[in-house]
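I have placed the structure first, in the form of structure tokens, so that the comments after it can refer back to it.
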Amino acid sequence: MERQRRFMSEKDEYQFQHQGAVELLVFNFLLILTILTIWLFKNHRFRFLHETGGAMVYGLIMGLILRYATAPTDIESGTVYDCGKLAFSPSTLLINITDQVYEYKYKREISQHNINPHLGNAILEKMTFDPEIFFNVLLPPIIFHAGYSLKKRHFFQNLGSILTYAFLGTAISCIVIGLIMYGFVKAMVYAGQLKNGDFHFTDCLFFGSLMSATDPVTVLAIFHELHVDPDLYTLLFGESVLNDAVAIVLTYSISIYSPKENPNAFDAAAFFQSVGNFLGIFAGSFAMGSAYAVVTALLTKFTKLCEFPMLETGLFFLLSWSAFLSAEAAGLTGIVAVLFCGVTQAHYTYNNLSLDSKMRTKQLFEFMNFLAENVIFCYMGLALFTFQNHIFNALFILGAFLAIFVARACNIYPLSFLLNLGRKHKIPWNFQHMMMFSGLRGAIAFALAIRDTESQPKQMMFSTTLLLVFFTVWVFGGGTTPMLTWLQIRVGVDLDEDLKERPSSHQEANNLEKSTTKTESAWLFRMWYGFDHKYLKPILTHSGPPLTTTLPEWCGPISRLLTSPQAYGEQLKEDDAECIVNQDELAMNYQEQAASPCSPPTRLGLDQKAAPQTPGKENIYEGDLGLGGYELKLEQTPGQSQLN
């Protein structure tokens with residue numbers, strides 16, 4: 001009897017390991033297919049279906065196979081046993097079965113209407129990820145890469161517009177979607193499709209907050225390939241990066257909104273408490289991420305880690321990851337922390353790294369971002385069939401489609417009108433139309449929706465979110481190139497040539513009476529540049545003027561301690577260096593790169609310019625169109641473009 005029991009236990013353990021291997025193998029094959037498809041698309045210059053859309057297609061096919069080609073394997077999984085002596089759910093439970101004690105761990109709470117779907121298919125159950133995997137493993141590399149690869153010159157030049165779209169625009173989208181969905185919910189109650197009280201207004205606002213998270217990864221990838229006008233790219237990229245962080249904190253704030261009396265009534269105290277939570281969590285997460293980046297910058301500045309690039313890269317990665325984990329452990333939002341950690345690391349720490357570490361960190365996070373994004377989009381396709389508690393309601397889905405388009409319009413057009421009143425460099429109508437078109441939903445909305453699927457309203461939200469992501473990625477992502485052509489938006493813009501048309505921030509700071517900036521945030525940019533140039537850069541990096549020349553005399557000992565020896569022989573370049581440089585720039589030792597003690601002495605002088613590279617025919621079709629000012633025209637041959 002004992003031998004049989006041990007045999008059954010070993011068999012169950014082996015079966016569990018087998019299912020885990022099958023799960024990893026499925027995702028491995030999906031990623032292999034996705035990579036081969038990406039190569040095929042790039043080789044044939046096919047832009048009407050992005051790699052994320054292809055990953056979703058493969059996920060759908062695999063989910064369809066798993067759903068209908070696998071048989072039920074676990075009959076006992078849906079059986080409910082009563083434990084009358086337990087008044088709460090313990091984290092671990094020891095159960096004595098025929099004189100053998102087994103340990104079980106708490107997994108999640110299951111509603112009464114979700115018990116029946118648990119009868120049966122263990123493979124489908126295994127293929128349903130723990131939602132925390134998305135937030136703790138897959139999303140941090142994506143968000144960090146967004147901050148680390150930020151082109152800060154254009155970002156700061158459009159800072160006011162980006163903040164307006166990200167904060168005020170997200171709030172507008174949340175409220176508009178919530179109001180429209182509340183109207184449709186009332187119609188569903190009137191039609192008998194919902195019971196009165198199943199869906200509260202706070203649930204509609206919760207859905208509005210998660211659907212306000214835009215993720216135009218498909219559009220931005222095509223923009224990058226075609227070298228679209230940098231202002232449009234920066235506005236859309238900056239909005240999407242900050243919008244993700246705002247939407248996550250906003251979703252959490254709405255979820256903890258709890259009026260004392262009626263959950264469907266407005267409570268001023270609970271409302272202001274939620275607003276306070278939003279501001280406190282966002283500010284705390286920002287401070288946490290920035291603090292870890294400052295610590296990393298100081299460590300890389302005052303140690304000789306640059307002599308050991310492997311150790312330097314490892315420390316950089318672990319401290320960046322610690323920003324996320326520390327924020328989560330402190331009850332803050334790790335996604336916001338890791339975003340601003342990436343931005344600050346790019347601005348300061350990157351300048352202290354050796355050339356090897358610069359290349360390694362850039363490639364490491366670019367690779368992690370690529371894998372994480374494709375795993376999420378593959379899983380989206382899988383989840384349509386492997387998730388066993390879908391609730392599809394035609395009226396709710398119709399309302400959601402209408403709501404996201406109306407909310408996007410209420411976000412972009414009124415805010416652009418207000419911003420243009422104060423901007424010298426206006427946001428043209430074709431930019432506004434493109435931003436309206438680019439309001440795709442993606443990884444963030446999906447991750448927020450799947451985090452809680454226990455109640456029927458949350459299951460309906462999750463199922464609807466999946467359909468919205470599929471539609472926007474396939475339709476809007478695939479229509480990006482034709483839309484650029486129709487709106488006559490510049491492509492092939494050389495960033496360096498575009499920047500020559502605008503005065504640098506340093507020149508603006510020295511010639512305030514002579515010239516007026518073309519950017520709406522110039523005064524803020526000048527103030528920040530001056531403070532950063534005189535104090536922060538010299539403290540945290542090897543560049544900038546010596547602190548002995550900028551701090552008061554009584555700070556002499558501290559100034560000498562914090563000033564790098566390289567600062568006495570180096571002057572900060574007139575134009576602030578870009579955060580991330582590409583391989584060609586690293587190869588020629590980019591002229592605006594800050595001093596690093598481990599960098600080779602060879603560098604371009606201040607008055608030297610790299611020879612311009614004339615793009616060949618292949619590069620033109622790939623999107624590297626040279627000098628810019630062109631309009632994209634579609635040829636008769638699909639997937640190709642010509643220049644005007």
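Heads up, the Cβ atoms here are built off N, Cα and C, so glycines get one too.
These numbers come from a predicted model, not from an experiment.
Quick look at what Swiss-Prot annotates:
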REGION    593-622  region 'Disordered'
TOPO_DOM  1-20  topological domain 'Lumenal'
TOPO_DOM  42-45  topological domain 'Cytoplasmic'
TOPO_DOM  67-126  topological domain 'Lumenal'
TOPO_DOM  148-164  topological domain 'Cytoplasmic'
TOPO_DOM  186-203  topological domain 'Lumenal'
TOPO_DOM  225-235  topological domain 'Cytoplasmic'
TOPO_DOM  257-277  topological domain 'Lumenal'
TOPO_DOM  344-364  topological domain 'Cytoplasmic'
TOPO_DOM  408-429  topological domain 'Cytoplasmic'
TOPO_DOM  451-465  topological domain 'Lumenal'
TOPO_DOM  487-644  topological domain 'Cytoplasmic'
TRANSMEM  21-41  transmembrane segment
TRANSMEM  46-66  transmembrane segment
TRANSMEM  165-185  transmembrane segment
TRANSMEM  204-224  transmembrane segment
TRANSMEM  236-256  transmembrane segment
TRANSMEM  278-298  transmembrane segment
TRANSMEM  302-322  transmembrane segment
TRANSMEM  323-343  transmembrane segment
TRANSMEM  365-385  transmembrane segment
TRANSMEM  387-407  transmembrane segment
TRANSMEM  430-450  transmembrane segment
TRANSMEM  466-486  transmembrane segment
Stretch with greatest number of CB pairs under 8 Å, the transmembrane segment (466-486) reference, 46-66, 278-298, 323-343, 365-385 candidates: 46-66
Chain residues in Cβ proximity to the transmembrane segment (430-450) (below 8 Å; excluding those fewer than six residues from its ends, i.e. six or more beyond): 52, 129, 131, 134-135, 138-139, 142, 209-211, 213-219, 229, 231-232, 235-236, 239, 244, 247-248, 251, 373, 376-377, 380, 383, 404, 408-409, 411-413, 416, 458, 461-462, 465-466, 468-469, 472-473, 476-477, 479-480, 483-484, 487-489
For the transmembrane segment (46-66): best-contacting stretch of 236-256, 302-322, 365-385, by Cβ pairs under 8 Å: 365-385
Of 165-185, 278-298, 323-343, whichever stretch has the most CB pairs under 8 A to the transmembrane segment (236-256): 165-185
Composition by DSSP (helix, strand, coil) of residues within the topological domain 'Cytoplasmic' (148-164): 13 helix, 0 strand, 4 coil
The transmembrane segment (21-41) vs the transmembrane segment (365-385): 3 or more CB pairs under 8 Å: yes
Contact ranking winner - 165-185, 204-224, 302-322, 323-343 against the transmembrane segment (387-407), Cβ under 8 Å: 165-185
Structural state census, the topological domain 'Cytoplasmic' (408-429) (DSSP three-state): 16 helix, 0 strand, 6 coil
